[in-house]
Ligand code: GLN
Ligand code: ZN
């Protein structure tokens, strides 16, 4: 049996549930309050809900195996038997082995967690050792396929493809194992065919990034081999997140029946398709509906693009540009949004409807599309902000000379050599979260809430004074999230109530939506910072989130260049910096942890991004006097590609994650002649482990060897909000002691 692909599909759908049911069930299982069977039942219910939703929407090609208890890369690792020995030997159940890989157990740290391409989703990095024996384990996919079939829904199982799987894995040249892994995929495909599976989807997003000719050849070889198998389902190779470049003709060179291209993030794919010549009986799956942003699709433009593809291929299907995992589930749950805004939004459920409409329009050649959107409401424009932007001069992004700034700042701050500080947040205790929940629910009034948070600030200041830190922070107790907090206070931003998106495992985030011109209604952080400063004679750092990170962790308007939106946010932050400064705050930190994360996948696009990203940061921080010290903070290692940009930010002090990479970043900074203050993290805050005093001393000694002591700061890797007080106190004590010890030597 071999059927056509269909007219409409999605590459994946959110699996967390409309009300984050999966998060709750998985966390309850971890806490021991429900058992494996109860967890399995919840999961089956969620899968059934998704399949019914997609079927009832009349989507005609429905994926399965897109459900995951934690992550699709981890699922694929299990499906190909790549379970590292260190977990296999624990002797746990299959489910607990899986969670052990995801979260670690006492003696065994978890697999590394890292960003999925340029998204805010994180996957677990498979570990491929020379002795890893790949084995076919299609049970999960087969079970889900059967489960859907029992509901009357025929599905297309989805896996991460073998090339992307290995390109994202770590170990000693995992990609060299491709032929070997392809044999295991062949066995998986055979098992699927045995079960009656008609189509399978293999995801190869890694080819939207720069790839060597050898890697592209390997892709061609892999799919030629899989395509030549006699006993297999029809193969759909899905790609997403950008232009495929030379990988597209390579894929089209293979016998696979369907190839998917992202026409939202990779408009160049259309030209490549056209250049590829006749596409024969192959299906092209056109990713026309943005799977990463939340705006309604311009259906007319999408039909035009789809029609172009239809002119090239015998068969075209419409799909989301990537899995809908990256957008919230359903906008109809958002009852509090301005209706003019919600009318412009499409979350996963609405995108499915768009895809179905587009699929029909392409099949029938009709143009009976829903009415286009009315023009943007005038109230969303702020002419004052636009006027300020238009009047900006290069000097607005330029501070005085660093040497002079450093001298003035030192005069004013009088800091010791190797000054100690932290990154901003102190533990978000259960009590703080309860207070926030009570405030949201209305059972704690504004005054009560503010009093509670101030008490926390006072305690955090007292603790830092006792510990003997040099530059203090207020601890950020009032912040739910470092982006949401600012989004709630800025014009042009909207917050959703249920717009959750999976970030990793059971962790979900609710990105704000930037829909209009951004402007600051009133000072946002000044009261908290000045209150903290009033309690101590030590300098207290003001604490802001930078423009790049605010954009990276929001859904951003697409009707103007990102650079313009970034500059609008930057102007609001510039005003905030000035207000903090006038209120007596001498040090201001502007966090940019996402600077590296949104770096475009292809080298050719990176310069333009870094130009506007750095420009926006400098606009945000360039309005203060020479004697106000600007800090920035970056985390999530691997700064190599953005090292020049970090320098170009021109911050007086850069604190940066370094403890896990053993201070390597300092050599990278030295190599490019970075000459300002730097605070390499000397304590890995990602685990509750307290670093022994000697270990901190050793890290510091290594740092002093790479950077002159007068430019070196002593701080943890990142904020402390996920930590508990006992380990924070002990670790900070070691940190302060270590600084004293190294100063004296
Ligand atoms: N100031 C923030 C904090 O300490 C920085 C968080 C981050 O880098 N992700 O929590
Ligand atoms: Zn950080």
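Numbering starts at 1 and runs along the chain as displayed.
Just so you know, glycine gets a Cβ as well, placed from its N, Cα and C.
Sequence annotations record features per position, and here TrEMBL assigns domain 'Cobalamin-independent methionine synthase MetE N-terminal' to 8-305.
Neighbour count (other Cβ atoms within 10 Å of the Cβ, all protein chains): 23 for residue 553 (5-methyltetrahydropteroyltri-L-glutamate binding site). Annotated 5-methyltetrahydropteroyltri-L-glutamate binding site per TrEMBL: 20, 21, 22, 23, 115, 120, 507, 508, 553, 597, in sequence order.
Residues annotated as domain 'Cobalamin-independent methionine synthase MetE C-terminal/archaeal' in TrEMBL: 418-740.
DSSP assigns residue 476 (L-homocysteine binding site) to coil in the three-state reduction, placing it in neither a helix nor a strand. What TrEMBL records for 423, 424, 425, 476, 591 is L-homocysteine binding site.
Under the heading L-methionine binding site, TrEMBL lists 423, 424, 425, 476, 591. DSSP assigns residue 423 (L-homocysteine binding site) to coil in the three-state reduction, placing it in neither a helix nor a strand. There are 26 other CB atoms within 10 A of the CB of residue 423 (L-homocysteine binding site), with all protein chains counted.
Positions annotated as Zn(2+) 1 binding site by TrEMBL: 633, 635, 644, 657, 718. Residue 657 (Zn(2+) 1 binding site) falls within neither a helix nor a strand when secondary structure is assigned with DSSP, and so counts as coil.
Look at TrEMBL and you will find 633, 635, 657, 718 tagged as Zn(2+) binding site.
Marked as active site, proton donor by TrEMBL: 686. Cβ neighbour count for residue 686 (active site, proton donor) (all protein chains, 10 Å cutoff from its Cβ): 16.
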Pairwise CA distance, residue 633 (Zn(2+) 1 binding site) versus residue 591 (L-homocysteine binding site), rounded so that it is a whole Å: 5
Cα separation, residue 20 (5-methyltetrahydropteroyltri-L-glutamate binding site) to residue 423 (L-homocysteine binding site) (Å, whole number): 30
When distances run from the Cα of residue 686 (active site, proton donor) to each of the binding-site residues 553, 635, 718, the nearest one: 718
DSSP-derived structure type at residue 635 (Zn(2+) 1 binding site), helix or strand or else coil: coil
Surrounding CB atoms that lie within 10 Å of the CB of residue 22 (5-methyltetrahydropteroyltri-L-glutamate binding site), all protein chains: 25
Filtered binding-site residues, from 20, 423, 425, 591, whose Cβ is under 6 Å from an atom of ligand 1: 423, 425, 591
